[in-house]
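Data block below; observations after.
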Amino acid sequence: MSSGKPEHSRGHRSTDPASPTLPSINAPRSGQHADGRTSKAVAGSLVDFTLILSLLFGGCCANVWSFEHLMKSDPQMGTTLTFSQMSFITLISLPSFLSWDSHSFLPRLQRRHVPIRRWLWQVLVLTVSSLLNNWAFAFHVPLTVQIVFRSAGLAVSMMLGYVYLKRKYSYPQITAVTVVSLGVILATLSRPASSSSSSASTVDLSTYTIGVLMMTVSLLLSGILGMLQELTYTTYGPYWKEGVFYTHLLSLPVFVFLIPDVKHGFQSLSSQSALSKAAAPSISGVPPWLASLAPYLMLAANLVTQLICVSAVNQLTSRVSSVSTNLVLTARKALSLCLSVWWFGNGWNAQLGLGASMVFAGSLLYTLVGSGSPPRTSSTETTRLDGSSRKGRKSSNTAKARTKARGKKAASSKSKTE
C-alpha cells in the first residue's frame, strides 16, 4: 500500500528524522548498484586529486624556478612580475565569465555565485601579500630562506583555525607545529654574516630585517586568505574558478599607484634582451634574435606556470581544509628548496639545513597524527556557513508537530469510543 508520501529517488535521502529507512526486497540489488557507483566516485576522486597534485607540484616548482631566474637578473622586478601575473590570469579567465546578449553587441559578465564583497576582502589580502612576497627579494632575503619561512603557513593556519573557526587540535599536532615554527626561526637566523665593513654590515642587517618583517606580514595574510577561501567555499560552494578570476581582476586597479615600479621592470627586461642579443655571437648555434627573446620567454614561462599553480591551489582549497592545503604546500616548498639549492647553487649551511629539516619533519608529523577536529560552532554560525542546521531544526520541528497531531487524534478517537 502507498503511504501517501512521495517516494524518494535513489539519489536522495529523506530529511525527515521521523521517517525510518525500511528494508526493501530489492535491497541487495540496490546495494550492488550503490557499491558500483561508490567505487566509480572514489576512482574519479582519486584521479582528480592526482591531477591536482601533479599540476600543483609541477606548476608551482617551475614557477619558483622561473621567478628566481628573473629576480636574480633584477631584484627590483617584483612589482612588474605581480602585475604581469594578475593581468595574464585575468585575461585567460575572462572568456569563461562573459555572456553575449542578443539585444547588445557588447558582452556582459555572467551572474556571480558568490557576493562581490566576499571577493573584495580576498583581493585586498592577496594583492598585499603578493607584493610583499616579491618585494622581500629586493631586501636581500635569499630564496632558500623565503621558502623555509613561508612553510610556517601551517602554524599560521592552525592559529587562525583555533581562534576564528573554533577548531581544536591535539597535543601531537601542536608539537608538530611548534617544531615547524622553531625550524623557521633557525632558518631565518641562518643568514651568513656580511664580510664587508661594520657600517655596511649594519645597513645590510637592517635591510634584511625589513625583508623578514615584510615576509612575516605576507605569511599572516596568506593564512587569512586561506581561511577566507575555506569559509567562502563552505558557504557558497566550490566555485574556485570564479574566485581566481575575480580576485585577480579586482586587484588590477591597485597597480595604478605603482606605475613607476611596473615601468622599471619592463625597462629592465628590455635591457636584458639587448645584452642577450649582444652576447649571442659568443654562444654557438644561437641566433641573435632568439637570444634577445630569452628574458621575455622566461617571463612567459613564469606567467603560464603561475596560472597552473594558482588554479591547482584553488582547486585543492575548494576540496580540503586550509590546514591540509598548507600541508601540501609545505611539501611542495621542500621540493622547491632542493631545486633552488641544486640549480642555482644558493648558500647552504648547517643551521639552514637543520631549520629546513625541522620544518619538513614537523609537517610529516602533522600528517601522521591526522587533521584537526571539526570546528565547534554555535547554531548561528552553522546556519551562516550552510543551511543544514536551519533545515535540520525545521525538519525536527515538523516531525514533532506531526507526532503531536497524531497524539491528539488518537486521544480524540479514544474519547469518542468511550
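Including glycine, each Cβ sits where the backbone N, Cα and C put it.
What TrEMBL lists as region 'Disordered' is 1-36, 371-418. Summarising the annotation, TrEMBL assigns compositional bias 'Polar residues' to 16-29. Annotation comment: TrEMBL describes 46-65, 77-98, 119-141, 147-165, 174-193, 205-227, 239-259, 293-313, 325-344, 350-369 as transmembrane segment. TrEMBL lists 371-382 with the feature compositional bias 'Low complexity'. Residues or ranges marked as compositional bias 'Basic residues' by TrEMBL: 401-411.
Against the transmembrane segment (350-369), the recorded stretches 77-98, 119-141, 147-165, 205-227 differ in Cβ pairs under 8 Å, and the greatest number is found for 147-165. Just going by CB pairs under 8 A, the stretch in 77-98, 119-141, 147-165, 325-344 that sits most against the transmembrane segment (205-227) is 119-141. With a cut-off of 8 Å on Cβ pairs spaced 6 or more residues apart, the transmembrane segment (77-98) and the transmembrane segment (293-313) reach 3 or more such pairs and are scored as touching. The stretch from 46-65, 119-141, 147-165, 293-313 with the most CB pairs below 8 A to the transmembrane segment (239-259) is 119-141.
Using the rule of three or more Cβ pairs under 8 Å, pairs at least 6 apart in sequence, the transmembrane segment (293-313) is not in contact with the transmembrane segment (119-141). For the transmembrane segment (46-65), same-chain residues at least 6 beyond its ends with a Cβ under 8 Å from one of its own Cβ atoms are 143, 147, 301-302, 305-309, 311-313, 315-316, 319, 328-329, 332, 335-336, 339-340, 343. Residues of the same chain lying 6 or more positions beyond the ends of the transmembrane segment (119-141) and with a Cβ under 8 Å from any Cβ of it are 71, 75-79, 81-82, 85-86, 149-150, 204, 207-208, 210-212, 214-215, 217-218, 221-222, 224-225, 228-229, 232, 243, 246-247, 250-251, 254.
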